[in-house]
């Protein structure tokens, strides 16, 4: 976990749009050491009278998972995502099937099918599945059928392998959750759907008509939050908002309580844990052997149960208070970045998006993966340790995960022993490509983490964010209206009270940022502004009409979004960049660096470079300032800015 050391020049809370200063990073490994009493080595004939003295304790031997390295080699390891693809609207759901398909669903009711290939994925088909919001999606245990339910009171059923819609059910109520509850070999392809406002569960034939085969009307008394099939033991687990968890079966066993579990009364289990904590499961999944049941609760705790006994096996606390305490004990992120991520977490709770966060097992059942504010955590369930965090430095809040492991099946001749033993380089190149496909909060993209880091991110030709969607009519109209007379330029001169600074601008890479700067400059907005924050050996900052570091706005009023470009980095001194108070909060303030500041990449928009007048920038950076506020004792101001 990254930590950034502060300094006297670290941004203070009262300032809104200050760039962060350099820091250090280190990995934290907080692990509880469990002590056990040491046995007495000597037995004295004389007994102690009264209480015994405190005995020494020995550290308990750490558990080790055999072949852990082999298992981890079959999981994604890259710290940054390799590729991302688009929908028109925010992506809310993603699943991966055993038939090597990845299916994504967005808020506007659209569903896309993607095929996993030897390296990466390829687009297959696009469906307008629902007229409204998609509430839930599910894929069958063998990967043959897929269904989705939406607030248009309909269920759509798809044949995954042939990527075709094969059935449509009119439900007559607003659905909440759905799940395929049949196993391979069953006569009926049964699917369960819950009513969003009640605890009712309706069972249908996925290939049949609208008439339910069975209705559970007394199993749950509150709206359901999850329905999941355990295909190994042919049992279904459902949960509701009151924290109750129920086991039941499908049509082959007449919808009764499963007989293959090792308990009869729920009081013999730990399944009341959620009700005790006044929480409920927002995600449920099973290990490949069916023996472990992993959940994420509304209280942000990860609980892992033994399925057959219902006993609690592990609890991992991922609550905001835990992260705050961790940050105070040992800094995990720079203060500004930590504050930004905490704000995102609170917004998650405010809009009830926590229910979309899920948890998945790997193919061995020894590891669970889920998204947190620090990135995707990979937890070893056997040793109780976090072995890997993916995407910690990315500017996304990971929500739903789907994990692909193994080698994508391709229509080719079967591999023979002779082919395996041969030294054919083409055959040897066929390797596993473990991939995590994940959605992000308020993003219309899904992201792919693999074992490969992004290709040269400084090359403009290798953009990892694929633009696979055409712009909407509104975006085209906005772009057309914005053209009009030329409002931007590629150079300008900042006339200051200590001399002139010539700058080159990048209107192609950062059109909105350069337009904001040029229009403000032409309108005389920056005239008389002081350099209100100067840090020797770091940067000079200006553009605030109030001179406090808390003012300023864009030419459109308010704030506008970041414009990061792979070729524009803080990799050299005299870089012109936007100051902000977090992601997408650009106004009018900007700064010029006097040293390379790579830690500001992808946090502040670079939109220009100084081409002449570097000595003026250096003189300004060396003026005497108040050590507490970084404000110069004698004002250094902008006279005006000439845009060429």
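Heads up, the Cβ atoms here are built off N, Cα and C, so glycines get one too.
Per Swiss-Prot, region 'Disordered' is recorded for 1-48.
The N-acetylalanine feature in Swiss-Prot is assigned to 2.
Annotated compositional bias 'Basic and acidic residues' per Swiss-Prot: 17-29, in sequence order.
Among the features that Swiss-Prot reports, repeat 'WD 2' is placed at 129-168. The list of residues near the repeat 'WD 2' (129-168) in space but at least 6 beyond its ends in sequence, with Cβ under 8 angstroms from a Cβ of it, reads 92-93, 95, 97-99, 101, 103, 105-111, 113, 174-180, 182-184, 189, 191, 193, 196, 204, 206-208, 229, 231.
The feature repeat 'WD 3' is assigned by Swiss-Prot to 219-258. Sorting each residue of the repeat 'WD 3' (219-258) by its DSSP state yields 3 helix, 17 strand, 20 coil.
The feature domain 'PPIase cyclophilin-type' is assigned by Swiss-Prot to 488-643.
Mean model confidence of the repeat 'WD 2' (129-168) amounts to 95 (pLDDT, 0 to 100 scale). Remark: secondary structure over the repeat 'WD 2' (129-168) totals 0 helix, 23 strand, 17 coil, with classes taken from DSSP.
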